[in-house]
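Input: a single structure, listed below in structure tokens.
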Amino acid sequence: MNIIRKLKPGTISLVLGPMFAGKTTFLIHCIYMLERLEKKVVFIKSTKNTRDKTIKTHSGIQLQSKQCEIIESTQLSDVGSLTDIHAVVIDEAHFFDDLIKCRAWADEEKIIILAGLNASFEQKMFQPIVHIFPYCSWIKYIGRTCMKCNRHNACFNVRKNADKTLILAGGSELYVTCCNNCLKKQMY
């Protein structure tokens with residue numbers, strides 16, 4: 001199915017999944033499609049994500065766009081005017097406590113596309129994601145295979161160290177995504 005048919009002005013689309021599932025890759029694909037339709041796109045990333053200043057996936061895929069503006073912010077309410085923008089794309093949406101701000105942008109007839117984790121390392125949903133759910137006209141779940149057994153669908157994000165900080169940006173050096181069987185066996 002062509003995703004572009006789902007991305008309508010005034011709607012919020014949400015892409016969820018565990019780490020390393022391809023959510024950012026999906027967003028990059030959406031940005032390219034929107035740009036082909038001559039839509040002005042802004043990509044918002046959290047300053048809490050300290051891994052890279054560009055739009056780049058864990059697997060190294062990087063957005064190659066001269067038109068897409070990248071905004072780094074701690075809160076969405078700090079983002080300036082988006083008057084001339086057609087689409088707002090937000091990666092790591094769970095990092096934004098004021099994710100509900102997207103509703104106001106949707107009311108301004110902007111296309112909103114969010115990507116975030118399905119759950120924390122404690123296997124609990126992030127509250128900003130929970131609060132935006134009722135306003136999403138389309139929700140997509142992207143899964144991946146367990147990084148330990150390579151047999152089952154993985155939906156659990158597990159931190160490799162004992163740090164209990166809720167938000168701790170990192171990649172495979174800090175996290176593993178595993179299935180329920182490996183989580184129960186603590187095979188990470």
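In case you wondered, yes, glycine gets a Cβ from its N, Cα and C as well.
Of all the Cβ atoms in the protein chains shown, 19 others lie within 10 Å of the Cβ of GLY22 (ATP binding site). Annotated ATP binding site per Swiss-Prot: GLY17, PRO18, MET19, PHE20, ALA21, GLY22, LYS23, THR24, in sequence order.
Annotation source Swiss-Prot lists active site, proton acceptor at GLU92, citing sequence analysis. Annotation note: GLU92 (active site, proton acceptor) sits in a coil segment as assigned by DSSP.
Using a 10 Å radius centred on the Cβ of LEU166 (substrate binding site) and all shown protein chains, the other Cβ atoms total 11. Marked as substrate binding site by Swiss-Prot on the basis of similarity to another entry: PHE121, LEU166, ILE167, LEU168, ALA169, GLY170.
Annotated Zn(2+) binding site per Swiss-Prot: CYS146, CYS149, CYS179, CYS182, in sequence order. The DSSP secondary structure for CYS149 (Zn(2+) binding site) is coil.
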Q: Return the single residue from the binding-site residues list (CYS146, ILE167, ALA169) that has the minimum number of other CB atoms within 10 Å.
A: ILE167
Q) Given ALA169 (substrate binding site) and GLU92 (active site, proton acceptor), what distance in Å do their CA atoms have, once rounded to a whole number? A) 10
Q.
Can you name every residue in this chain, apart from PHE121, LEU166, ILE167, LEU168, ALA169, GLY170, with its Cβ inside 8 Å of the center of the Cβ atoms of the recorded substrate site?
A. SER120, ARG159, ASP163, THR165, LEU174
Q.
For a quick check of packing: other C-beta atoms within 10 Å of the C-beta of LYS23 (ATP binding site), how many?
A. 27
Q: Quick one: pull the CA-CA distance for CYS179 (Zn(2+) binding site) versus ALA21 (ATP binding site), whole Å only.
A: 13
